[in-house]
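Enquirer: Take this structure first; my questions come after.
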Amino acid sequence: MESSRILITSALPYANGPLHFGHITGAYLPADVYARFQRLQGKEVLYICGSDEYGIAITLNAELAGMGYQEYVDMYHKLHKDTFKKLGISVDFFSRTTNTYHPAIVQDFYRNLQERGLVENQVTEQLYSEEEGKFLADRYVVGTCPKCGFDRARGDECQQCGADYEARDLKEPRSKLTGAALSLRDTEHAYLHLERMKEDLLAFVQGIYLRPHMRNFVTDYIEHLRPRAVTRDLSWGIPVPDLENKVFYVWFDAPIGYISGTMDWAASIGDPEAWKKFWLDDTVTYAQFIGKDNTSFHAAIFPAMEIGQSLPYKKVDALVTSEFLLLEGFQFSKSDGNFIDMDAFLETYSLDKLRYVLAAIAPETSDSEFSFQEFKTRCNSELVGKYGNFVNRVLAFAVKNGCTELSSPQLEQKDLDFISKSQKLAKDAAEHYAQYSLRKACSTIMELAALGNGYFNDEAPWKLAKEGNWNRVRAILFCACYCQKLLALISYPIMPETALKILEMIAPHSLDLGSQDPDRLQSLWTDSFFDYSEEKFSLKEPELLFTMVE
């Protein structure tokens with residue numbers, strides 16, 4: 001039985017910098033498109049996201065910036081929330097891992113894992129700064145590479161030769177912040193024995209959706225699981241109940257943020273127990289959207305943590321991964337100057353242009369590349385030349401000739417064939433959305449626009465108008481507007497603003513959108529939406545949907 005309740009989460013953006021196009025197309029646009037599609041299907045959707053606000057990268061960069069940790073994450077939490085809004089990401093609640101509910105549930109996860117013998121303490125040697133009076137994690141350490149001798153190697157990897165190692169393996173290790181020499185000291189940490197859950201995890205991943213090319217990677221990762229430290233010597237983080245001066249590793253606490261974020265949402269709507277109907281009900285369908293670099297944590301580690309709990313937390317049903325989006329052949333990097341200012345871009349180009357192109361080139365099974373030339377080509381050829389042209393020419397002709405009120409006319413077989421083909425493409429689009437393929441959905445959108453253009457060209461109503469055959473003209477316009485109604489429906493998850501403009505211009509009488517949130521259209525993708533027999537349209541002066549990109 002198909003679930004009527006859908007839980008959607010996407011990887012929590014790290015509160016350590018602005019989001020770029022790679023982040024958006026990797027996790028947040030796909031999640032938003034899926035959420036919009038499922039709402040159209042009439043499902044009860046909850047899309048949760050939020051900022052990941054702990055970890056060494058945050059403490060180090062906050063200190064380098066001369067800012068307090070909370071001040072630093074507050075800045076990026078607001079920035080990420082604003083970015084979601086600008087990009088039309090219809091998240092239902094944007095929380096953060098510094099929320100009120102997070103510490104208690106993280107500590108509860110830990111205690112449950114301890115009670116089941118899955119977490120054990122172990123003494124290891126780590127680098128200690130006498131001057132600073134604390135252990136230093138790898139990001140705080142520099143030294144001489146044990147492989148090539150480079151004297152400014154990082155604590156986890158040598159940027160000169162590419163070698164990776166433990167920070168304690170560095171020669172002449174020193175503090176990155178003060179330059180003080182470091183020594184080795186014993187310290188006690190808690191380790192999660194993931195290898196003890198290998199068989200459970202292998203069985204689990206066999207039953208979930210993964211992109212085909214990821215399944216072997218995930219299986220191999222689980223086969224080679226080993227214990228992982230869940231604690232760190234830091235002051236910024238969730239305190240560990242039974243280890244003094246320790247906090248939880250960010251990889252341990254961050255995914256629990258999906259649950260605490262849902263608790264945060266429940267409190268915000270005045271129903272503190274509402275989170276349970278999504279996290280403690282196995283009939284819910286749970287889809288998680290992430291970049292490929294987060295796969296191991298979400299396919300193995302977080303499910304292992306859930307398996308070790310006393311409460312039956314919902315585990316993911318579909319783990320939807322994306323590869324990397326490159327910019328002109330290189331990874332997005334603000335520090336290297338290889339990035340696009342998102343605010344400046346959106347001041348120049350419409351949001352739906354960006355959403356469409358990012359969806360059309362989505363790195364679903366392999367890395368893909370964003371280039372301005374492809375952006376320009378797709379906008380001008382597809383959005384202006386095919387899509388916008390179809391909508392504009394039909395409405396302009398209808399308004400010019402006074403055919404603004406259309407109702408179901410007498411149709412010929414070729415009209416019925418056209419309607420049937422249009423319906424088939426709309427149903428194809430639904431299948432693509434259901435299978436998490438933005439690329440195929442974009443192709444189908446353009447295929448439907450091309451079908452409509454072809455029909456309008458072939459039937460040439462302007463010739464019939466000259467002959468005075470207005471009944472036939474109205475029949476052609478009716479069929480073209482019906483096609484545009486379907487085009488708006490299948491476009492909405494990717495281009496919501498454009499879809500709403502089309503529906504406003506053709507004004508199908510079967511729809512009453514006045515009471516709906518335009519960002520969360522609900523229950524439109526129904527059999528009645530596809531029924532044309534009783535449909536009527538009240539056409540308005542066309543508004544240009546897209547302009548050429550110079």
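Using the three backbone atoms N, Cα and C, a Cβ is placed for every residue, glycine included.
A quick note: this is a predicted structure, and the numbers were derived from the prediction, not measured.
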Enquirer: Quick one: sort out which of 13-23, 222-232, 398-408, 420-430 is the motif ''HIGH' region' according to Swiss-Prot.
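Expert: Going through 13-23, 222-232, 398-408, 420-430 one by one, Swiss-Prot gives motif ''HIGH' region' for 13-23.
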Enquirer: Have a look at 281-285, 331-335, 366-370 and point to the one annotated motif ''KMSKS' region' in Swiss-Prot.
Expert: 331-335
Enquirer: When DSSP states are grouped into helix, strand and coil, how many residues of the motif ''KMSKS' region' (331-335) land in each?
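Expert: Per DSSP, the residues of the motif ''KMSKS' region' (331-335) fall into 0 helix, 2 strand, 3 coil.
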Enquirer: I'd like the Cβ neighbour count for C161 (Zn(2+) binding site), meaning other Cβ atoms within 10 Å of its Cβ, all protein chains included.
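Expert: Result for C161 (Zn(2+) binding site): 12 other Cβ atoms within 10 Å.
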Enquirer: Which one is closest to K334 (ATP binding site) in space, judged by CA to CA distance, out of the binding-site residues C145, C148, C161?
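Expert: Going through C145, C148, C161 one by one, the Cα closest to that of K334 (ATP binding site) is C161.
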Enquirer: List every residue in the same chain as C145 (Zn(2+) binding site), at least 6 positions away in sequence, whose Cβ is under 8 Å from its Cβ.
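Expert: Within the chain, C145 (Zn(2+) binding site) has Cβ neighbours under 8 Å at D151, A153, C158, Q160, C161, A163, L170, K171.
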Enquirer: Within 8 Å of the Cβ centroid of the Zn(2+) site residues C145, C148, C158, C161, which other residues of the same chain have their Cβ?
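Expert: Along the chain, the qualifying residues are P146, K147, G149, F150, A153, Q160, G162, A163.
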Enquirer: Could you say whether, by DSSP, C148 (Zn(2+) binding site) belongs to a helix, a strand or a coil region?
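Expert: Coil, per DSSP.
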